[in-house]
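Have a look at the structure below, then the notes.
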Amino acid sequence: MSAPAPPRLRRSTAGHSNALAVTRHHDLVHPDAKPSRWDAASVLTVYATLVMLAPATQTVANLGALGAPATVFSVLAFMWFLAGRLTGRLSLDPGSSSVRKAMCVLATAFTLSYICLSGRSASPLETQAADRALILMLIWCGLVVVASAGITKRDRLETLLRRLVLLGTVVAVIGIFEFFSGWQLTEHVIIPGLATNVDPAATGARGGHLRAQATTTQPLEFGAVIAVHLPFALQQAGDAKRWGTGLRNKLRRYGPVTVMVISLPMTVSRTAIIGLVVVLAVLMPSWPKQRRRPAYLMTVVGAAAVRVLVPGLLGTILVLFSSASGNSDNSSQARTKDYAGVTPYIKQRLWFGRGPSTFIPSLYRYTDNYYLLALVEVGLVGLLAVLVIYFTGIRAGRLGRKLSVDEPYRDLGQCFAATFAVMLFISATFDTLSFPMLSGLLFLLFGCSGAYLGIARSEAAARAQAGAA
């Protein structure tokens with residue numbers, strides 16, 4: 001496989017010492033050679049398709065949690081990137097290095113926790129789980145590297161994000177269909193060559209309503225996946241380049257947003273609603289007035305539509321929040337018990353934890369709070385490393401926004417900030433990174449946030465050079 005080399009930033013040896021020169025691919029290859037479209041964005045599109053559309057409960061037989069089609073493909077994608085590095089066709093853009101440095105921090109924390117596992121008497125089940133966690137960490141690192149270093153052009157980043165929104169829309173449509181039909185995809189569709197790794201989680205009911213799940217492992221993951229897609233759907237709907245006349249154009253712009261917003265309440269979970277609120281709280285203050293007013297109107301109309309189409313659903317969700325504030329429902333009571341239940345384990349190994357992925361529910365207990373789970377498994381050092389990931393993603397979006405001059409690209413930076421703000425909040429409501437689709441999508445978007453910042457820096461440097469000339 002071959003790919004067009006991304007721009008490489010280097011110090012210019014002529015003129016001002018701080019000037020940046022750009023070496024492009026057509027300067028390095030034969031002038032008649034045609035650039036391949038099989039680049040990092042194309043490779044990551046295949047990964048995104050596999051992680052979003054292949055049921056998360058199904059894996060290649062005998063490989064267990066590491067046998068998900070997307071996981072297997074991500075290994076091949078990283079090998080493709082390494083081949084590009086060895087042949088000199090792909091380079092590491094220093095402008096996007098912040099996300100790779102953050103991943104080094106996270107990988108180091110997980111590795112230290114893994115090493116500390118040998119300091120206690122761990123069961124074979126725990127040791128195997130820790131082995132898988134370390135391999136998954138390497139896969140996540142590969143995703144971040146491929147996305148942050150491989151995507152160096154604005155149009156390719158925007159193309160990948162449009163495809164992600166399309167895939168998120170498909171998942172949302174499946175969830176809506178399940179909600180109304182009661183037919184669960186993961187229980188009835190088995191992809192040839194794959195086996196169900198875990199018992200398909202029943203969609204179940206809450207307040208008399210079936211819960212949307214689609215290709216995820218459970219409704220909580222479904223709500224989180226849709227919530228992290230929503231900012232990009234909103235940005236694409238507001239992009240002036242996509243404006244036009246006709247019903248088809250309006251459906252292309254507003255269809256994904258409408259479907260995603262409608263699907264979120266159908267999880268009948270607090271997590272999905274918190275995600276929606278965080279997205280709107282981060283994005284709407286950055287919008288101009290002429291864009292905020294229609295958004296307020298659409299919010300009211302959407303709530304009214306859900307109330308008419310599914311009587312009692314909004315009331316059920318409101319009861320969930322009121323019961324949580326009074327600690328009177330089973331879910332909130334379980335979360336409260338988590339604190340007392342895990343405290344002894346935290347005190348035993350505060351700094352580096354018991355080992356990644358070793359706090360197995362069948363051996364210990366469930367935890368519905370990823371921060372608590374991280375504190376138990378990878379310790380205080382690992383928990384801080386996870387927070388570094390979230391805040392680095394927010395910083396990449398905000399800094400890229402400041403460096404950009406055109407409004408659609410500035411909006412894109414705010415979308416990355418919103419996505420990682422969502423993860424920052426909902427990680428307190430369930431064990432986010434324990435779920436395959438959500439974790440894979442998170443690190444893919446983390447790499448994309450680095451690519452966004454790198455592109456913004458390159459464009460800012462080019463503008464500075466042009467101004468100096």
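Backbone N, Cα and C define each Cβ position, glycine as well.
All annotation found in TrEMBL is predicted automatically rather than curated by experts.
It should be emphasised that the depicted structure is a prediction, and the values quoted were computed from it without experimental measurement.
The domain 'O-antigen ligase-related' annotation in TrEMBL covers 259-386.
Per TrEMBL, transmembrane segment is recorded for 63-82 (among others).
Listed by sequence, the residues of this chain that lie at least six past the ends of the transmembrane segment (133-152) yet keep a Cβ under 8 A from its Cβ atoms are 3, 6-7, 39-41, 43-44, 47, 65-66, 71, 74-75, 77-78, 80-81, 84, 90-93, 96-97, 99-100, 103, 106-107, 110-111, 114, 160, 355-357, 439-440, 443-444, 446-448, 450-451, 454-455, 458. According to TrEMBL, the transmembrane segment annotation covers 133-152 (among others).
Taken from TrEMBL, the feature transmembrane segment applies to 164-183 (among others).
The transmembrane segment annotation in TrEMBL covers 257-283 (among others).
Here TrEMBL flags 295-321 (among others) as transmembrane segment.
Positions annotated as transmembrane segment by TrEMBL: 370-391 (among others).
Long-range neighbours of the transmembrane segment (412-430) within the same chain, counting only residues 6 or more positions beyond its ends whose Cβ lies under 8 Å from a Cβ of the stretch, are 158, 161, 220, 224, 227-228, 231-232, 234-235, 270-271, 274-275, 278-279, 282-283, 286, 368-371, 386-387, 389-391, 393-394, 396-402, 404, 442, 445-446, 448-449, 452, 456. Residues or ranges marked as transmembrane segment by TrEMBL: 412-430 (among others).
Listed as Cβ neighbours of the transmembrane segment (436-455) (distance under 8 Å, sequence separation of 6 or more from its ends, same chain) are residues 44, 47-48, 51-52, 56, 65, 68, 70-71, 74, 93, 95-100, 102-103, 136, 140, 143-154, 157, 160-161, 164, 215-217, 221, 224-225, 228, 389, 392-393, 396-397, 399-400, 403, 412-413, 416, 419-420, 423. The transmembrane segment annotation in TrEMBL covers 436-455 (among others).
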Same-chain residues at least 6 beyond the ends of the transmembrane segment (63-82) with CB under 8 Å of its CB atoms are 1, 3, 40, 43-44, 46-47, 50-51, 54, 56, 90, 132, 135-136, 139, 142-143, 145-146, 149-150, 191, 194, 197, 436, 440
Mean of pLDDT values spanning the domain 'O-antigen ligase-related' (259-386) | 80
